[in-house]
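S.K.: Just lifted these from Swiss-Prot, have a look:
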- Gly105, Met106, Met107, Gly108, Ser109, Gly110, Lys111, Thr112, Arg217: ATP binding site (BINDING)
- Thr112: Mg(2+) binding site (BINDING)
- Asp130, Arg155, Gly178: substrate binding site (BINDING)
- 1-58: transit peptide (TRANSIT)
Amino acid sequence: MEAATVQRFQYSSWNDLRNFEGKPRGSLRYNTQRIKEDKRFRVVALTLDKRRDHRLRSVSDKNSSALLETGSLLHSPFDEEQQILKKKAEEVKPYLNGRSMYLVGMMGSGKTTVGKIMARSLGYTFFDCDTLIEQAMKGTSVAEIFEHFGESVFREKETEALKKLSLMYHQVVVSTGGGAVIRPINWKYMHKGISIWLDVPLEALAHRIAAVGTGSRPLLHDDESGDTYTAALNRLSTIWDARGEAYTKASARVSLENITLKLGYRSVSDLTPAEIAIEAFEQVQSYLEKEDGMARPDGL
């Protein structure tokens, strides 16, 4: 029976990497002091800035043959970004020591997309809580669970999934539902690993949700009049008021506004998922370095 349970909750992410092209936009207004920049991130920021400048120049260059050298393509900006991502993953992995990571944040903040990238970079397995719940409910979608069984049933299944993941698995990256943070028992399970909060401006989140629709997000279904963006922003603001404080319990905070400032971009929508994943690794490493007298791993 145990083997059957493990099989039912197994979920691989590697075949879904085509979803990376979507740029996550997100959720929050949170007053805090600017994250202290360290030498490592300044190097990353400078490299990514140069990469972005190169990408813009390349797009406007009509002579595409200039990208060829001795019969092969030069390294693309994507390749450079992946090299930086791989390097940051290699740096943080000794600190993790096999511990799992749980991504938390408002709905639509990019937890699944960023989580897949982080898992792939570390060689970890990726799980999506919503997908596990749907599998446990014999393929019933999240929206249908809310409609036919109620939110309380969904929350119970969510807690069951987090419990199984925390007790039965190591070296995994888990994308949680936006409301996972409201139940204290869920934090008990997530704190067995490292929790990472993707902090995204509410306005950016509302724009993204308005663009893709609210069909798969039952908590955004309402009868408010007005345009979709305004309705989404109003509902998200209400949800944030109820959950905002809970997100601060996470081990590490990844602020998309801070990344945007560091890299000199105009908007959080300019960020790529890989850039967000790089910042997540930075914040996780910073947290673990400060964690109760933890020594730096040998060779670092």
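Backbone N, Cα and C atoms are what each Cβ position is placed from, and that goes for glycine too.
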S.K.: Could you tell me the C-alpha distance between the residue listed as 'Mg(2+) binding site' and Gly178 (substrate binding site) in angstrom, no decimals?
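M.R.: Here the two Cα atoms lie 11 Å apart.
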S.K.: Output the one of Gly105, Gly178 that, of all these binding-site residues, has the highest number of other Cβ atoms within 10 Å of its Cβ.
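M.R.: Compared across Gly105, Gly178, the most Cβ atoms within 10 Å surround Gly105.
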S.K.: Compute the mean position of the Cβ atoms of Asp130, Arg155, Gly178, which form the recorded substrate site, and then list in sequence order the other residues of that chain whose Cβ is within 8 Å of it.
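M.R.: Once Asp130, Arg155, Gly178 are set aside, the remaining close residues are Cys129, Ile133, Val142, Phe154, Glu158, Thr176, Gly177, Gly179, Ala180.
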S.K.: Filter the binding-site residues Asp130, Arg155, Gly178 down to those whose C-alpha lies within 10 angstroms of the C-alpha of Lys111 (ATP binding site); answer none if the list is empty.
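M.R.: Among Asp130, Arg155, Gly178, the ones whose Cα sits within 10 Å of that of Lys111 (ATP binding site) are Gly178.
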S.K.: Could you tell me the C-alpha distance between Asp130 (substrate binding site) and Met107 (ATP binding site) in angstrom, no decimals?
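M.R.: Just about 11 Å between their Cα atoms.
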S.K.: Would you mind reading off the Cα separation of Arg155 (substrate binding site) from Gly105 (ATP binding site), to the nearest angstrom?
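M.R.: Roughly 16 Å, rounded to the nearest whole number.
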S.K.: What is the Cβ neighbour count of Thr112 (Mg(2+) binding site) at a 10 Å cut-off, with all protein chains included?
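M.R.: For Thr112 (Mg(2+) binding site), the count of other Cβ atoms within 10 Å is 23.
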S.K.: Using C-alpha atoms only, work out the spacing between Gly178 (substrate binding site) and Ser109 (ATP binding site) and round it to an integer in Å.
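M.R.: Cα to Cα, Gly178 (substrate binding site) and Ser109 (ATP binding site) are separated by 9 Å.
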S.K.: For Ser109 (ATP binding site), just count the other CB atoms lying within 10 A of its CB, please.
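M.R.: The Cβ of Ser109 (ATP binding site) has 30 Cβ neighbours within 10 Å.
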S.K.: Determine the Cβ neighbour count for Lys111 (ATP binding site): the number of other Cβ atoms within 10 Å of its Cβ.
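M.R.: Result for Lys111 (ATP binding site): 29 other Cβ atoms within 10 Å.
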